[in-house]
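Engineer: I have a structure I would like to understand better, so I am pasting it below and will then ask my questions one at a time.
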Amino acid sequence: HAQQFMEYQAQRGGTLELLPIQKPTIGKIELPITAMERALEQEHELYTHLQEMNRLAEEAGDAHLSDFLVDFLKHQLEDISHKTEMATVLRRVGDGVGLHMYDQEIL
């Protein structure tokens, strides 16, 4: 997605400044459910940022940008739904054999 945003910005005549990506502050993740919940949080954060960008585009009357963002918003909702389902299954199966079986299923 980042590549698409960079290309879109270039098409619109914008400039791009790439900044270093900071290491996450979260420590070692021991359980799969912890990793999935963190991934789900990040998907929600991204969706919130995309919504804000879309709101600003609409306020500025930039229909082209708003239209561009709609696909990303739709994709984010699909990702959130998928990760929510996975987190639910991980909570249900717990550790042990159930987790191993689920791991084999999603491969």
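The chain as shown is numbered from 1 upward.
Keep in mind that glycine also has a Cβ here, set from the backbone N, Cα and C atoms.
Pasting the feature list from TrEMBL:
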BINDING   HIS1, GLU43, GLN76  Fe cation binding site
DOMAIN    1-94  domain 'Ferritin-like diiron'
Engineer: In the predicted model, what is the mean pLDDT computed over the domain 'Ferritin-like diiron' (1-94)?
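Structural biologist: Looking only at the domain 'Ferritin-like diiron' (1-94), pLDDT averages out to 91.
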Engineer: In sequence order, which residues at least six apart in the same chain have a CB under 8 Å from the CB of GLU43 (Fe cation binding site)?
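Structural biologist: Set apart from GLU43 (Fe cation binding site) by at least 6 residues yet with Cβ under 8 Å, we have GLN76, ASP79, ILE80, LYS83.
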Engineer: Can you tell me how many other Cβ atoms are located within 10 Å of the Cβ belonging to GLN76 (Fe cation binding site)?
Structural biologist: 20
Engineer: Return the count of C-beta atoms lying within 10 angstroms of the C-beta of HIS1 (Fe cation binding site), excluding that atom itself.
Structural biologist: 11
